[in-house]
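Colleague: Starting off with a structure, shown below.
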Amino acid sequence: MRPPTSTLRRNVLLDRVVCQQPRLLVLVPQSRLPGTLRRTLTTSRAPAATPSQRLKAGYFVSNAFLPRLKANGIHDSASSQRSSTVASTTPTTADTADGSSSTTQPTTSTTDLPPVDNTLLPHRRRQAQRKAAAAAAAAAAAANGEITTPLINPDAPTADLAPDASSQLAAAAASAPADSLKRRLSSLLSLSKPRLTVLVVLSAMVPYALYPVPSFLTSSALDTSLAPSLSPLTLLFLTTGTTLCSASANALNMLYEPDTDSKMTRTRTRPLVRRLLTTKAAVLFAVGCGLAGTLALYFGVNPTVSFLGAANIALYAGAYTPLKRISAVNTWVGAIVGGIPPLMGWAAAAGESATGDGTWRELLFASDGSSLGGWLFAGLLFAWQFPHFMPLSWGIRHEYKAAGLRMLAWTNPARNGRVALRYSLAFIPLCVGLSATGVTEWSFAVTSLPVNAWLVWEAIKFWRLEGHKGSARGLFWASVWHLPVIMVLALAQKKGMWGRVWRSVFGESEEEEGEWVYEDEDEEEGGGVGEVVKGVVKK
């Protein structure tokens, strides 16, 4: 008896047909089945064509679905066609010689755009297409001799930033008349890299303000007219001299490498590249600022700070800048340059309260360990250069390579991430050291820990992903916020500051906190109480 057709099922492993009946299970080879039944089974194996369904809005929530979308070819081909073809469907009307009008058919114009990765999210694809179109338009304008804004690599961490102050000043100088005073001043100011100079000056001011002045920690019983204190005049000379030294170093840097600056989008608008200034004028500006800055530090602060300022100019312009073409060690030399300004601020404050000869040994290598705070601040700025510069250079690594500047971002990308992580970890012991040396309260070691942990976490992602998937951008912005937050926390938790504020507000006597009065008996008077000497001793 032939089993009914409706009860047949395909067994893929045995390539046979399983016949099911209430009491009998028979395995029949497929070759013995009638031709009609065999054709029915063969037809039923063919996969049914499923119509494409409209994707829901939540389909693109996860990147895991994108390979499925690419495999199906749904919407990707349509979006790519829309991005590469721009159709104009408006008919045009033209007048003929006999006065009649003729209507032409709609025309379609095709614009070739660079291919976009279809695995990206839709909004990311649109952003990439817009940036590619803008880059193509800017390149075409540059080929025609038109002045355009510099091209920005969309992968760079600074792609969302506005042009820096030097670029803005150079643009303002270019728009001014050739012999105008505005053109000259804007070009000279652009040579100094204003934003970088401001950061250098602030890194010198913070250690100056955080120096533990003895009048802050000693008794008020001492004559306040003799107690040392921070001098606003010294601070003025410190900031002025540091500004001039930084401007001199930056101008010498631009004088040394106009050829490489012209090959990079970040630096191609500098004044010497655009020939807004002559080389002679730039040399006079650099030398004049350097001499004025070192002299201001020498006569207004002390010789030690003046020597540090001159050494910083020599290191930046004479060592760091030439090394960029030779070895990736230039990054470490540049980090030393960044660590010197905090040491200048500390030495300036130490010079006001020096009890000895006030030489560099006393200011920088005091035997009582009071100079450790300055070296810790120098270490902070030295370590900060790496988690800040490594992701910044990664975004423009191809430009560095094309310009012939050796950076770890392209010579050794794996080491680039390791270095950024290594120096990010150094912030934790450095902040603890500031508390241990008495520069800040111990609460600073606790409050700075979350900020340091954030930087370390971003550095770990940058190291693991080697800059991809937004890790370079995340570490760059973490470093931008990290340094000012650490400095503000240190200033807000200076050692003894809030205790003095409390005593000044509530009038609590300082003798009750930790001071006592002693009497010294003169034994030469026969045991009688002679001259009573009262002194204040701090516990």
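For all residues, glycine too, the Cβ spot is worked out from N, Cα and C.
Sharing the record's features from TrEMBL:
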REGION    75-119  region 'Disordered'
COMPBIAS  77-111  compositional bias 'Low complexity'
TRANSMEM  196-213  transmembrane segment
TRANSMEM  233-256  transmembrane segment
TRANSMEM  277-299  transmembrane segment
TRANSMEM  305-323  transmembrane segment
TRANSMEM  330-351  transmembrane segment
TRANSMEM  425-445  transmembrane segment
TRANSMEM  474-492  transmembrane segment
Colleague: Residue list, the transmembrane segment (330-351) vs rest of chain: Cβ under 8 Å, 6 or more residues beyond ends.
Modeller: 200-201, 203-208, 211, 213, 230, 234-235, 238, 242, 249, 297, 301-302, 304-305, 308-309, 311-312, 315-316, 319-320, 323-324, 358, 360, 362-364, 366, 370-371, 373-375, 377-386, 389, 406-408, 419
Colleague: Look at every Cβ pair spanning the transmembrane segment (425-445) and the transmembrane segment (474-492), keep those 6 or more apart in sequence, and say whether at least 3 of them are under 8 Å.
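Modeller: Counting Cβ pairs under 8 Å (6 or more apart in sequence), the transmembrane segment (425-445) reaches the transmembrane segment (474-492), since there are 3 or more.
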Colleague: Are the transmembrane segment (233-256) and the transmembrane segment (305-323) near each other by the rule of at least 3 C-beta pairs under 8 angstroms (pairs 6 or more apart)?
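Modeller: These two segments touch.
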Colleague: What parts of the chain pack near the transmembrane segment (474-492), using Cβ distances under 8 Å and only residues at least 6 beyond its ends?
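Modeller: Apart from its flanks, the transmembrane segment (474-492) reaches 157-158, 202, 206, 209-210, 380-381, 384, 387-388, 390-392, 395, 420, 427, 431, 434, 439-440, 444, 447-448, 451-452, 454-455, 458-459, 461-462.
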